[in-house]
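J.: Input: one structure, supplied below.
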C-alpha cells in the first residue's frame, strides 16, 4: 500500500508541477494588474507548437547536436511566446486600461479565441504527435516507478520556480514587479516605471506557460490547439486555491490540485468500497476548492485585502 | 416608406443567401458530418466517399435522367450545430434526402427535426438506441455498437482465453454504452469484469487510474473513449508496465493512434471497425484507385461507408414514384441493394440485417485484419 501511495505521489508531483508553472502566469498578471488573463492557457498551447517549429527548422537547416537543437528551441520558445505576451498586453490590454476591469478581461477572452483559432487554421485541428525531448525510460525509485520524463519535468519546474522566486525577491527588476503589485500609484510616484513592470510580467508569465506546455506535450506525447482550455482552467483554479496574486501560493496551489486529483482518482474507489468511482474525481477536487475558499476566501497564501486597498488599487 | 424598404432589403437578403442555383429537375441530397475540428478526418472521408458515388452516377446520366446534386454541410461534431444543419435541410424544399450525421450524439437530437419534415435519412452513426426511438424516416446500413462491443468480447474469451477484464469509459453516451455492451458479452463468454472506471472525455492524464488498475491485475483492458484519449491511455499503460490486452472501438482506427502511442507500445492492440481494408476485394481496390484519381489522396477511414450510404440513398430515389421526400421515404425501408460493402436490406427498425464488423490488430505499426 505504501508503494502504491508513493507511486501516486510521483504522478501527483509531475502534473502538479505543470499546473503550478501555468498558475504562476495567472497570479503574476493578477498581482500587478488585477486582471484575469484568460488568454494565458493559449500561451501554454503555443509553447510546444513554437518549439516544434523551431526544432524542425533547425533540423531542416542541417542541425547541430540534437541536445543543442532542443535547448535552442526551448529557449527560443520562451522568448518568442514571452514577446508575444508583451505585444498582446501592449496592443490588446493597455489601450483598454482606462475603461474599468471588464473591458481588458473581455479583450483577453477574445485573444484566447484568436490565438486558438489561428493555430487551428494554420496547423490544423488534429492532435499532433510530439516526440519526447528526453527518451521516456522507467527508473525504480522509492518503491515506485518514475520515468525520466516525469523526473525531468519535476526538476525543470522546480528550477524555474526557484529561479523566479530569486528573481522577484533579489533583483532590481523584481523590486519593480513587487512594487507595482503593492501599489500602482505609489510606485509610479517613487519613479518606478509601472508599464515596464507590466511588460516584464507579461514576458515571464507567458514564457513560463510555454515551458509548461512543452513539458506537458512531451509528457503525454501530443499537442492540439484546444489543449490550453481545460488545463488553463485547472491552473486558474490552482492559482485561486493558493491565493491569487501570491507567487508561492500559485506553486502550492498547483501541487495541491495535482495531489487532490491524483489521490481522488487513486483512493476514492478504495476508501468508499467501490461506491464512489473515479468519475467523481472532479466533483471531489472542486468540493475541496469550495471548502478552502469558504474558510480562507483569499486562498491559502493570499493576503486578506481590505476594502481600502482594493479601492486604491482599482483607481490607480 | 421605411417599412417597405426593410421588407425589400429582407427579400433581397433572402435571395442573396439562397444557396447555389438548382435547376428544377436536379435531385438535391444533403450530407452532414464533422468537416472541421478533431474528427474532421473521419467526417470528410464520408463526405468524399458519397461525393465519389454521386459523381459516378452523374457521369452515367444521373437518376432517371436527372442530375444529382450533393450538398454537404459541416456539423462540427456538435449537437447544436447538427440541429441547425437539420433545420436548414428541412427548410430547403429542394432537398429530398439526407445522409448523416456521423456522431450518435449529433444524430439523436436531429432525428426529431428530420422526422417532422418527413426527410428520408440514411444514418452512419452507430449507437443502438438511434433505431429504437421509433422514427420511421431512418435506415442504417452500418453495424451498430451492439455488434461492435460483442465481436472483441467473443474473440478474447474464445480465441485468446482471457477471462479477467477491466473497463474504462469516458462517461459519454458512446463510450459508456459500448463498454457496457462489451461487459455483457464478456461475462456471457465466461469472463469476469473486475472493475469499471469513468474518466472525463477531455482527460489526458490516466497515470493515477492505471496505477490502481494494476492492482486488479487484469489481462484485458477495454476502453470506450475517443481520440486522443485511447492513444494516451495505452501509451501510459505500457509506460507503467501494464501488459494487459488493450481493446478499443472504431474511433481509434486511425494512423494517428499508432503514431501517438508509438509503434512498439501499440503492438498487439485490438480495434473494431465497421469496414474492411481497402485492399481486401477488387471492388474496394478499384474504389481506392478512383478516390485517388478524383481527390488526389487515398480514401480516409470512412470513405467506403460514405460511398455505400450514397448507394442506398440513390437506390431509394431510383425506385421513388415521385421525386420528393414522400416518394423517397415510401421506398427507403424496402430497399435492397448490393453495395460496395456487401448486400443491404433493412429490418423493421431500419437496421441492416447483415451488417458486418471487423476486428483489427496492430502489427508492425499497421492495422491488420484478423480473419474470422
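Cβ coordinates are placed from backbone N, Cα and C, and glycine is handled just like the others.
Quantities reported herein were computed from a predicted structural model and do not represent experimental measurements.
Sharing the record's features from TrEMBL:
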| type | residues | note |
| --- | --- | --- |
| TRANSMEM | A:6-31 | transmembrane segment |
| TRANSMEM | A:43-65 | transmembrane segment |
| TRANSMEM | A:71-93 | transmembrane segment |
| TRANSMEM | A:105-123 | transmembrane segment |
| TRANSMEM | A:143-168 | transmembrane segment |
| TRANSMEM | A:197-220 | transmembrane segment |
| TRANSMEM | A:226-247 | transmembrane segment |
| TRANSMEM | A:283-301 | transmembrane segment |
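Tell me what's around each of these sites.
T.: Same-chain neighbours of the transmembrane segment (A:6-31): 37, 40-41, 43-44, 141-146, 150, 153-154, 157-158, 160-161, 164, 177, 181, 201-202, 204-206, 208-209, 211-212, 215-216, 219, 231-232, 234-236, 238-239, 242, 244-247, 249-259, 261-263, 266-267, counting only residues six or more beyond its ends whose CB sits under 8 Å from a CB of the stretch.
Sequence-distant contacts of the transmembrane segment (A:105-123) (same chain, six or more residues past either end, CB-CB distance under 8 Å): 35-39, 41-42, 45-46, 49, 88, 92-93, 96, 225-226, 228-229.
Within the chain carrying the transmembrane segment (A:143-168), a Cβ under 8 angstroms from the stretch's Cβ atoms is held by residues 2-3, 6-7, 9-11, 13-14, 17-18, 20-21, 24, 132-137, 174, 177-178, 204, 208, 211-212, 215, 218-219, 247-248, 251, all 6 or more beyond its ends.
Beyond the ends of the transmembrane segment (A:197-220), by six or more residues, the same chain brings 14, 17-18, 21-22, 24-26, 28-29, 31-33, 37, 40-41, 43-48, 50-51, 74, 77-86, 88-90, 94, 130-134, 149-150, 152-153, 156-157, 160, 164, 167, 173, 176-177, 179-180, 187, 227-228, 231 to within a C-beta distance below 8 angstroms of the stretch.
Beyond its flanks by at least six residues, the transmembrane segment (A:283-301) meets 237, 239-244, 246, 248-249, 252-253, 256-257, 260-261, 264, 268 of its own chain at Cβ-Cβ distances under 8 Å.
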J.: Do any residues, 6 or more residues outside the transmembrane segment (A:226-247), come within under 8 Å Cβ-to-Cβ of it, and if so which ones?
T.: 18-20, 22-28, 30-31, 36, 38, 40-45, 112, 116, 164-165, 168, 181, 213, 216-217, 253-254, 256-257, 286, 289, 292-293, 296, 298-303
